[in-house]
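What TrEMBL records for this protein:
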{"type": "TRANSMEM", "residues": "94-112", "note": "transmembrane segment"}
{"type": "TRANSMEM", "residues": "149-169", "note": "transmembrane segment"}
{"type": "TRANSMEM", "residues": "181-205", "note": "transmembrane segment"}
{"type": "TRANSMEM", "residues": "217-233", "note": "transmembrane segment"}
{"type": "TRANSMEM", "residues": "299-326", "note": "transmembrane segment"}
{"type": "TRANSMEM", "residues": "338-354", "note": "transmembrane segment"}
{"type": "TRANSMEM", "residues": "366-382", "note": "transmembrane segment"}
{"type": "TRANSMEM", "residues": "394-412", "note": "transmembrane segment"}
Amino acid sequence: MLPCLILVIVVLVIYFPLTKTFYQQDEWHGYGMYLANGPAMIFSSATYLSKNLGSIFLDTNGLINIFLGEGRIFTRFLQYEFYKEFPLDVTPVAWFSIILHATNTILVFLLAKKIFRKDLHAFFGSLFFAVNSVSQSSITWIAASVNTLPSTTLILLAVLFYFKFVDLFENKWLFCSFISIYLSLFFKETGLFLFLLLPLFSFVYKKYSIIEFIKKYWYFFLTMGLIVVFRLYEFKSVPHEEVLFLTGSSKYFLDSLVVRSVLYPLTSLSLSIVPPDIFLNFARYITNVYYPFVPEGQFILIAQTAVLDLLAIVLSAVIGVISFIILKLTEIKIRKHVIFWFIFLLASFLPYIIISKSYSYLESRYYYVASVAWAVIFAWVLKVCEEKIKIRLLQFLILIAFLFFLFAHINAAQKNLNQLVKDSQVRIGIIDQIKRIKPTLENNKNIFYITGDSDFYLVGNKVPFQTGMGYNLMSLYYNSGKIPTEFLDQSYLFEIGSKGYKESSEYGFGYFSDLDSLRSVFKEKKIEKTAVKAFYYNSKANTIEDITSQIIIGL
């Protein structure tokens, strides 16, 4: 099928550079968990609730939590296999991401074609899904792609099965839809909202008595109810460092969830289709024009939060009005499908209401499922324009405008990906040079000191890594047998900018980027000078210089 072939080619052309990237952030942590735990990493977080909610869960060894999707064990299995077979090699995972995104794009095309019956409209709608720069990190961030992409594949299959059920009202298709949603939870809980949306929207296609409705859909509601209750109880009752970004320990816990359940979908309706740089620049312009008195130190914060939220709500309102008008021009059968996708779009953000955000946009990967809905909606808009607008020139201009819109996304996606490739090659160069100078660790106690001519991401971080360089080095040298397993398992030195020295039994490891801290620990712990390995990073030449002899003299 020609449209599918073109869509696959587009995905390959845009995302092929992903094969030249390297670990960014959480990939380092995942690799460390693999080294520390081996196959046990697959279940390492699946028993979190079992450790906190009483003996009944301890007795089942976390089976109830695994049953409810806790721990994303399918995702962890994929991560384990990739780390095991391809350590420190992103290429296989990159191809996995590219192929799965292409697969999802084809599934979106099939969904749109099933609804609108024309290849051309479905093709252009799917093209938006393929190139959407807002949701790009779902493909380009390897740590996110292994859960978001397969989860979305199963969500798309669930919707395809659901529409098959709506056409034939055969229960086997409804059950297939349920199974697809349920399995998607073991990659990521993104599709949780479908347990509610699909049964309720069935009223639009068929009339049910209350008893009939409950008999047919009870297992949808039971599954969702159990998952939601357990998750909220976890976030509310078990505060710890991994959920500090949630509102679990706040007295405004429920208030926050209610407000977000309204504002997240409302703002994201428009944010999910506008490239962030374009919208952010416009928000800064409006802030500068309308609020010229805002202090310089608060300008960016206000522009990227309150002002951008306001602009997003205004644009969402405009989209809503235009969509309402176009719906009036749409035949009833198609209208039902379009309303489904608008509800799908808004509801897709509800699983994220437990997550706070630092500015108006949520993290990029959270827009991937919403892009599915927008692809179908754009296909619908183009279909109505072709059918209702009789002036060929106007039809042509609308198509050209849509193509410019797509090119804006392609340009943003390529810009982001090119920067990612550039950063990755720099990081690969640093790792290769350090390993060339210091192939392995001979001492039981080791301290790395790295300084340089620049700071990256925060003051004192002398190498361009978005995680703690100490953790990265422990992962790199773990096979030397000199790194205590618990250091990796406890995420020691993982946070960006982390420094310090720690011992376990006869082993010790430390990382520093400032000489005074190194001297202090060196004297306090009475460490031998042979434990120190020092480097200087020249960011302009991207070179690592061994300065161990100079640093040791000053200790």
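Each residue, glycine too, has its Cβ placed from N, Cα and C.
Just so you know, TrEMBL annotations are computer predictions that nobody has curated.
Long-range contacts of the transmembrane segment (338-354) within its own chain (CB-CB distance under 8 A, at least 6 residues past either end) are made by residues 159, 189-190, 192-193, 196-197, 201, 204, 231-232, 235, 246-247, 256-257, 260-261, 264-266, 268-269, 272, 323, 327, 330, 362, 366, 369-370, 372-374, 376-377, 380. Beyond the ends of the transmembrane segment (149-169), by six or more residues, the same chain brings 74-75, 78, 96-97, 100-101, 103-104, 107-108, 110-111, 114-115, 138-139, 176-178, 180-181, 183-185, 187-188, 190-191, 194, 198, 202, 205-206, 344, 368-369, 372 to within a C-beta distance below 8 angstroms of the stretch. Beyond the transmembrane segment (366-382), the same-chain residues lying 6 or more positions past its ends with a Cβ under 8 Å from any Cβ of the stretch are 104, 108, 111-112, 115-116, 120-122, 124-126, 128-129, 132, 134-135, 138, 148-149, 152, 155-156, 190-191, 268, 271-273, 323, 326, 330, 334, 337-338, 341-342, 344-345, 348-349, 352, 398-399, 402.
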